[in-house]
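*Asks:* Below you'll find the structure I mean.
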Amino acid sequence: MESMRYCYRQLLQRSLACLIVYVGVKFVNKFATVALACVIFSIIAVYAGIFDNIDGNDKLFMCVLGKRLLKDVAVANCSKDEGGVLWNYFCASGECDPYFKEQNVSLVRGIKGLKSGVFFDNLFPSFLQEGQYIAYGMDPEHIEPLDRPSYNQVYADLSTAFTILIGIFFPSVTGIMAGSNRSGDLADAQKSIPIGTIGAIVTTSTVYLSCVLLFAGTVDNLLLRDKFGQSIGGKLVVANMAWPNQWVILIGSFLSTLGAGLQSLTGAPRLLQAIAKDGIIPFLEPFAVSSKRGEPTRALILTLLICQCGILLGNVDLLAPLLSMFFLMCYGFVNLACALQTLLRTPNWRPRFKYYHWCLSLIGLTLCISIMFMTSWYFALIAMGMAVLIYKYIEYRGAEKEWGDGIRGIALSAARYSLLRLEEGPPHTKNWRPQILMLAKLNDDFTPKYRKLFSFVSQLKAGKGLAVVVSLIPGDFTRRAGEAAAAKQALRKVMDDEKVKGFCDVLVASNIADGLSHAVQTIGLGGMKPNTVIIGWPYGWRQSEDDRTWHVFLQTVRHVSAARMALLVPKGINFFPAIGDKIAGNIDIWWIVHDGGLLMLLPFLLKQHRSWKNCKMRIFTVAQMEDNSIQIKKDLKMFLYHLRIEAEVEVVEMMDSDISAYTYERTLMMEQRNQMLRKLRLNKREKENVVQAIVDHHHHNDNNTKTASKVRFADPSENKEAGSEEADREEKNETESEKDKDTKEATDSDKEAAGAEKLANNVSVSPVKDKKAGGDAAKVADDVKSAFKPDEGNVRRMHTAVKLNEVIVNKSHDAQLVILNLPGPPKETYMERESNYMEFLEVLTEGLERVLMVRGGGREVITIYS
């Protein structure tokens, strides 16, 4: 019951104190002036009292047992008389305490004065562990309790250290930011804050440090360590030293404490309100409201509640170290911000104080962090953890106002420094990694055509590194800038969905091939230029009469090779796993030509992603009959061992065989298609010339419709040409519909071969109404069939492609991915040679679901050195 009364009494007293403080806030400006005057007068009284009592005084006496300090003992009762107060304490059980028997009791003057030389007794540390007695010296006989009752001896209530004292003392000197917190109320903040802050630091440092030294030279060692003044009845030592009367100190201390509290209660709510108004922390928005008089009432109430929680703890020593952490973090971040702004040479950072240097800020930051961990490492970690959580919350929710981020400045400077360092010399092979430039094709609605290509890039980068995605739109930029912006947004959305980290851009060019060439040459900056290009396979090249379908692809391959960049061409991209899929099986590498080791590195990078993590690597290499297959396999295993890559190795022997009839048939089909396309293109030009002449003739006779009609029907040749024009239009529409139908992501070579046959059939028996057009097509077919003997060079190349495809399909038909070398494109740019090259690639990859064709950039990308 008594304990409950005590709790209620304490709660009532503290609530009354908070109410007084709240009322004082209303008159804070007037009260602050009075409090400041009283504080200054109190400081003067303390200094005067110290020198007035240079020989000490007899106002405070302590009762000492041996070398131990006693509490709650009046001066008259400080004796070992039997039946006395001390006797009753130490001999209550009938047997006196051994230490009481052995030691004498004495009265010691508490205030000895500067002439006493007590300064040297207080010069050395006397830190105690919890439960040890306060005594002269550090002799265990006098300070250790030895499992005995403490009686009325004064002991340490907690383990003390220099860092603990700093944590307790530091909050008393945290008023240096008061001016900055109320900068909105200052007439000239730029001038007042530096002068006021420096003046406050100098003044408080002088007063506090001098008081420490003067007290150490005036007050006895035991009394200095008596934290609650129990040995002198709870009296204030400073008040008993002051001149002319102790009430000067009592009143001054009360007003100083109240003034410091009011100062915090006026500065902190305004700071809280400013943060809420800036929208930095979204959940603080309700505290941005001001009263009719412009006071931050809501913020003040929240601050009072926080203060009340601290008061209810009942022990400032528990709260002071944590408060010190937040103050130190505040000052540390201010110093860090100032140093960064100076080192980064931010144009908007223009300090008016001319004696400022960034070294001072770094020293201040170092001191703040050091004191935090010196005071309490676990409190320091807690405070830093809270700061990180608040920062991440702000970063996640986003601030309504952007005030600038110093971290972005650091990132910019670091990026600039890194780019310049990368330019100092070519990167070493061990530092090589694919910096990807992905050339994405767009649909008519400006969305990416092959979404799985983005997934493949994300898997290849394993969520790390950067990729650049570029798409092209044909036309004039001034007219299609809006469409380019919309396409860029679509690219960015797909990149975000597929978790591709990097940048995207959309270029507008009059010629697609030239635009891709410009992108390959110019995209990137310095050492961060892409070194690997990914381009999709032109699936509809067989179905089109126009050679531009493969011309753009081949031109890009040539440009990439000229830029000495690596090239990746995935075929069957729609069968590749999505970003969340997981597959298991084999990744087969067909190592035909050593091209910088990129074939070895790519599957290793893919296996870093969870989609390909469960796959195993198998490496195949091709040997002739006269080669030593056993030695080749042994050397390749040793090479992989040094590369620290785990993979199965198999050497495939290819026997020399006669050229099969199938090879002749595929070669003949390829050459027939080339001849048909060449003659159809020639006939198309001739028909276009005739049609243009008819159009010009009709335009000339447009004024006489009747005459024109007679002439048109009277001239059978003209009627035939007109019919041919209509047939050409119909044939064009049907061919385009067939073309659109066949080019829908045809990823299987068998489908494309069927498409080629379909095209040949369409060319031979196109449903045209005009007899002349039908005769031209039939004539083309007859001419093609007459050329039955294929070129020997083409037959030899086709034979190699067919035989190699047979081996690959036999060994890797169930592989999840087949990686093989991409042969170099032909140097000749005429249609037949380029078409033959595309046909060879089709034959080489026929019957494989997922294929990745790789062409190195002419340098080694993997090394045995770590």
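Just so you know, glycine gets a Cβ as well, placed from its N, Cα and C.
Dumping what TrEMBL says about this protein:
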- 31-51: transmembrane segment (TRANSMEM)
- 154-173: transmembrane segment (TRANSMEM)
- 160-437: domain 'Amino acid permease/ SLC12A' (DOMAIN)
- 193-217: transmembrane segment (TRANSMEM)
- 322-343: transmembrane segment (TRANSMEM)
- 355-372: transmembrane segment (TRANSMEM)
- 453-567: domain 'SLC12A transporter C-terminal' (DOMAIN)
- 584-713: domain 'SLC12A transporter C-terminal' (DOMAIN)
- 694-703: compositional bias 'Basic and acidic residues' (COMPBIAS)
- 694-776: region 'Disordered' (REGION)
- 712-723: compositional bias 'Basic and acidic residues' (COMPBIAS)
- 729-755: compositional bias 'Basic and acidic residues' (COMPBIAS)
- 797-866: domain 'SLC12A transporter C-terminal' (DOMAIN)
*Asks:* Determine which residues of the chain contact the transmembrane segment (154-173) at the Cβ level, with the cut-off under 8 Å and only residues 6 or more beyond its ends counted.
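*Replies:* Sequence-distant neighbours of the transmembrane segment (154-173): 68-71, 125, 127-134, 145, 204-205, 208, 226-227, 230-231, 260, 316-317, 320-321, 323-324, 327-328, 371, 374-376, 379.
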*Asks:* Could you give the number of helix, strand and coil residues in the domain 'SLC12A transporter C-terminal' (797-866) as assigned by DSSP?
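*Replies:* The breakdown for the domain 'SLC12A transporter C-terminal' (797-866) reads 30 helix, 10 strand, 30 coil.
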*Asks:* Of the residues in the domain 'SLC12A transporter C-terminal' (453-567), how many are helix, strand and coil by DSSP?
*Replies:* 59 helix, 22 strand, 34 coil
*Asks:* Given the model, what does the mean pLDDT over the domain 'SLC12A transporter C-terminal' (797-866) come out as?
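*Replies:* Taking every residue in the domain 'SLC12A transporter C-terminal' (797-866) and averaging pLDDT yields 84.
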